[in-house]
Amino acid sequence: MPQSSSFALFRASPAGSLAPVLLVPLIAGLWLHAGAVYAPCDDAYIYLVYVANLYEGHGLTYNGDPVQGFSSLLWPWLIAAAAPFTSGLPEAMEIASFAAGAFTLVATWWAGRTIGLSPVRALLPPAGLALTGDVAFYSGNGLETLLFAGLVVIAASVLFDAAGKTPSGRRWLLPVLALMILTRPEGALIAAVIVLHVARVERSWRRGLGLALALALALAPAYVATRLYYGSWLPATYHAKSGAGLANLGQGAAYSGLFAWFYLPIVVLAALAFVLRWRRLGGAALPVLTILLAWCAQVTIQGGDNMVGFRMYVAILPLVYLTIVHAFRDDLRIVAPVLICAFAALFWSYGQGTARASSWKLPIRQHIEAWRSAYPERKSTGLWLKASLPPGSTVALGAAGITPYFSGLPTIDMLGLNNRHIALHGKRNRSLGYAHQAGDGDYVMRMRPEAILLGRGLLPSPSVSDTGIWANPAFKADYTPCRAPSGTWIWIRNDTLDAMRRGGREPACRTSP
């Protein structure tokens, strides 16, 4: 495709030649932004439980339990690979997470260049990402969110025809699609749209089917190995969180509505890009719109999310920003100031304390502070359990990341994310929040754990497992509430408590709640 004179001018200009160098301050800005909003993530520490067990020779297990409590087949291996070069697994996880954020900025700029944006114009989408609070937050807390977002924008760049190549002519497409799905299984939804695009653009269903078959063959070894190792095609997280059919549609609609409100300037600009610049987007308009709508639909149907801000929508933000800039590339004198103001508003709204938009309808800053304050208590509790309980003791709890990682003890995840029985056969209460609906108090009591951590310490939370445990007559007869130095109340089985006293490790206990 011939390049416009303005595009050629950008390539030849000093600003154009220096544009890639300007990614460095953008990445530095993202690092500062990520540090400002950082909070330890309990779900990220679930990955560390598995990786720690792997390094200790117990396999990729949940403190000895062979259950798949994570969705990303790739991410734990990346953390494990980074660990030898860092001071510990938490540092490896956070470095990998920020590296993924930096990768996404570079990938978005590269995608912009690939689809025909000038070097300078291609900087606008990654600059917006660096200012976006959700991107900064999930670039530093140890999850695979930004790695997936970067792979999505690279894969989706083939939908734009500005580069003058057929999609199947890009040899990198197949490995990128495979890595995208291994990072998050929802990537299969995006891959399906791209495969259909290949068949439509190249007018060859054979090529589309060939790409799909090659992708299936590339993924088969990883998924077959996972099935043989864990005994299931789907992780426990799917059954405990996402596999609710339409039961969580109301929560998902509320989550997506909050996202649309919080990102209103971006949503409006994206809508205008498709309405006013459909022809300018060319053959990319329909598949990109399909990806965005399909993604919104699956997030809404599954029930949204329970994390800070809007993690589930971070995956498509690079593609949205890129599409807006590409659609208005000839009108950037007008649109760029509007877009920059929108990015600045997102930056300000995320950092100040009164923005009432979050998955729990809390101010985002308040949600972040809650995570920050929970970390030292959960870490201290885990270390105390490790030092005080008899070796091999089992602990039952709901927050299944930080405390189990530092305790290293066999753990019953009472929400079912890392427990096959609760995930598959546990009871459900759909009135509770997303990812907190599964449980089985009777099952927990049958397993006779040495220690139980209820959601509210001395008293049960509304969770299914907590209420079931509290209603079981054997609970108060067999367990005594004891207070760890962290201030956390832990219900310890009476015979275990006797053993602790004999060993000189008697905690502060109460005779009744």
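The backbone N, Cα and C atoms fix where each Cβ goes, glycine too.
What TrEMBL says about a protein is an automatic prediction, not a curated fact.
Listed in TrEMBL:
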type: TRANSMEM; residues: 12-32; note: transmembrane segment
type: TRANSMEM; residues: 44-61; note: transmembrane segment
type: TRANSMEM; residues: 95-111; note: transmembrane segment
type: TRANSMEM; residues: 146-164; note: transmembrane segment
type: TRANSMEM; residues: 176-199; note: transmembrane segment
type: TRANSMEM; residues: 211-231; note: transmembrane segment
type: TRANSMEM; residues: 252-275; note: transmembrane segment
type: TRANSMEM; residues: 281-301; note: transmembrane segment
type: TRANSMEM; residues: 308-328; note: transmembrane segment
type: TRANSMEM; residues: 334-351; note: transmembrane segment
Residues of the parent chain within Cβ reach of the transmembrane segment (95-111), under 8 Å, 6 or more residues beyond its termini: 19-20, 23, 26-27, 30-31, 34, 44, 75, 78-79, 82, 86, 122-123, 125-126, 129-130, 135-136, 138-147, 149-151, 153-154, 156-157, 318, 321-322
Stretch in 44-61, 176-199, 281-301, 308-328 most in contact with the transmembrane segment (211-231), if contact is a CB pair under 8 A: 176-199
Residues from the same chain, set at least six apart from the ends of the transmembrane segment (308-328), whose C-beta lies under 8 A from its own: 39, 104, 107-108, 111-112, 115-117, 121-122, 124-126, 128-129, 132-135, 137-138, 143, 145-146, 148-150, 152-153, 156, 160, 184, 186, 255, 258-259, 262-263, 266, 269-270, 273-274, 276-277, 280-281, 284, 288, 291-292, 295, 299, 334-335, 339, 350, 357-359, 364, 367-368, 371
For the transmembrane segment (334-351), distant same-chain residues with Cβ under 8 A (at least six beyond the ends): 33, 36-37, 124, 127-128, 131-134, 136-137, 262-263, 265-266, 269, 309, 324-325, 328, 357, 364-365
Cβ contacts under 8 Å made by the transmembrane segment (252-275) with residues that lie 6+ beyond its boundaries: 281, 285, 289, 292, 296, 299-305, 310, 312-313, 320-321, 323-324, 327-328, 335, 338-339, 341-342, 345-346, 349, 355, 357-359, 361, 434
Same-chain residue ranges lying at least 6 outside the transmembrane segment (281-301) that approach it to Cβ under 8 Å: 115, 156, 159-162, 186, 189-190, 193-194, 196-197, 201, 246, 248-249, 252-253, 255-256, 270, 273-274, 312-313, 315-316, 319-320, 323, 326-327
Non-local residues, at least 6 beyond the ends, that sit with Cβ under 8 Å of the transmembrane segment (176-199): 71-75, 144, 147-148, 151-152, 154-156, 158-159, 167-168, 205, 207-209, 211-212, 215, 218-219, 222, 283, 287, 290-291, 294-295, 298, 315
